[in-house]
Amino acid sequence: MTRGAAWPVYLALSGLVVVIYFAVPADAVQTVLVGLLGASAAVAIVLGVRWHRPAVRWPWYLMAAARLLFAVAEVLYWIQTALWGRDAFPSYSDVLYLAFSACLVVAIAGLVRARRPGRDLPGLLDAAILSTGAALLAWVYLIVPYVRADDLSPLARAVSLAYPVADIAMLAVLLRLATGRGNRPAAYRLFAASMVVLLLGDVVYALLELSIGYHPGHPVDAAWLIMQALGGAAALHPSMATLSRPEPATAHTPVSPGRLAALAVASLMAPAVLAIEWVRDMPIDVPVIVAGSAILFLLVIARLEGVVRLQTATLRTAEILASTDQLTGLANRRRFHDRWQASLDAPTGPTALLYIDLDGFKPVNDAHGHATGDAVLTAVADRIRTTVRADDVVARLGGDEFAVILPVTDDARATQVAARILAALDAPIATPAGPIRVGASIGMITAPPGSDAEQQLRRADAAMYAAKAAGRNRLHHAADAP
């Protein structure tokens, strides 16, 4: 049998054990089967770790220990009741049951930490909202009955309360695991199913204890048997190693329709519980429901604030990308036109514009290819950027055309900037194809506030062509034209 086939074989054999458990109602046989299944689950987990070598192993070993604790607790419970005739509560088996829950909580928290070593506030808030809603339900229907019970000793009451509290803790870390961003392979689904079955079984058991009572061999026992089987199968599956692999770093945690529906249900849990208790004419635990409602409200507000912040950042990023030239990182034509119009609308003084067209760039593309041409354009952009002020705007208009907006600048300073650009571009540019020299023809205008943006741009364009006609690699001021 190959390792890849081990998990379905184990699952099938475990299913057979479950069938035999209910087919043979003898307590001794059932106890042996429970012990064997728990031990086999622990062995399966250890084998899975050794076969598939996850990056973080200790959570799996802790889960194996938890399976053994549960099996030993079941056997010990049978020994106490069937052999010793003691049905005392609490007992030594309760210590093992609670230790089982504690081990699972720590183990799942370890998987969460391994999968998400950094911060994931949206996922954490989602898990907190869902856990708070479930905790409110557990308080009203599973915890309060024990708090109000008069026939329990302090120790019995404490142990009775510890069980639902442990389940809430397990649910919280399981939800934190589920709200992460990682993949969901078969091993993840098997493990999650084992935990869901366990929690459902615990809830049914608690409700039975509060109503008609529980007896060994009850159908709810299937939940704990299936929990063991699914947990062992999850560890044997080859994809188990991915459960402790770091999640991909993404910008946000997506909110699927299913998650949104679950968050909505959890957010409405407080008024729903209040309405149900009012209809049933039951005593209403007002402080707890008010506190739960307030906590849920604050958590939802925090989650919405994060969504708004993310949307704002996403829009800002999209705006930057839409207004930036991808090759050079300069402003693109769209952003150039916006800044050019804004500069002319400002009443602070004249604005100069340098319209730059590279000389001899087309032969570079033809002779050396577009990769070399892109390297030249990037170098040109960097050199132009170093010659201007921080509040000046450098843009790539397309191809080998660039523009520089110089707000509140007179002719003298604009001429100095243009001279620096010509000198910077006159130096050879190092490329993989060797040093390449390109020049530039610059058309310059100075426009007063309130000028027509398109008309002034045409003047600068005409000045640039005049510079080319005059011999290239030079500056032409539009005012110099006759």
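Cβ atoms are placed via backbone N, Cα and C, with glycine included.
TrEMBL does not curate its annotations; it predicts them automatically.
Summarised by DSSP class, the composition of the domain 'GGDEF' (349-480) is 60 helix, 35 strand, 37 coil. The domain 'GGDEF' annotation in TrEMBL covers 349-480.
The transmembrane segment annotation in TrEMBL covers 7-24 (among others).
Annotation comment: TrEMBL describes 30-49 (among others) as transmembrane segment.
Positions annotated as transmembrane segment by TrEMBL: 61-83 (among others).
Per TrEMBL, transmembrane segment is recorded for 95-112 (among others).
Away from its own ends, the transmembrane segment (124-143) comes close to residues 161, 164-165, 167-168, 171-172, 175-176, 178-179, 203, 206-207, 210, 253, 259, 262-263, 265-267, 269-270, 273, 277, 285, 288-289, 292, 295-296, 299-300, 302-303, 306 of its chain (Cβ-Cβ under 8 Å, at least six residues beyond either end). Positions annotated as transmembrane segment by TrEMBL: 124-143 (among others).
Marked as transmembrane segment by TrEMBL: 155-175 (among others).
Among the features that TrEMBL reports, transmembrane segment is placed at 187-208 (among others). Tertiary neighbourhood of the transmembrane segment (187-208): same-chain residues 7, 104, 108, 141-142, 163-164, 167, 170-171, 174, 177-178, 214, 218, 220, 222-224, 226-231, 233-235, 237-240, 242-243, selected by CB-CB distance under 8 Å and a gap of 6+ residues from either end.
If you look up TrEMBL, you'll see 220-239 (among others) marked as transmembrane segment.
Annotation comment: TrEMBL describes 260-278 (among others) as transmembrane segment.
Non-local neighbours of the transmembrane segment (284-302) in the same chain are 125, 128-129, 132-133, 135-136, 139-140, 144, 263, 266-267, 269-271, 273-274, 277-278; each lies 6+ residues outside the stretch with a CB under 8 Å from one of its CB atoms. The transmembrane segment annotation in TrEMBL covers 284-302 (among others).
Long-range contacts of the transmembrane segment (30-49) within the same chain, counting only residues at least 6 positions beyond its ends with a Cβ under 8 Å from a Cβ of the stretch, are 6, 10, 14, 17, 20-21, 24, 57, 60-61, 63-65, 67-68, 70-72, 74-75, 78, 82, 216-217, 221, 224-225, 228-229, 231-237, 240. Counting same-chain residues at least six beyond the ends of the transmembrane segment (220-239), those with a Cβ under 8 angstroms from any Cβ of the stretch are 3-4, 6-8, 10-11, 14-15, 17-18, 21-22, 30, 33-34, 37-38, 40-45, 47-49, 51-52, 60, 63-64, 67, 70-71, 185-188, 190-191, 193-195, 197-198, 200-202, 204-205, 208, 214.
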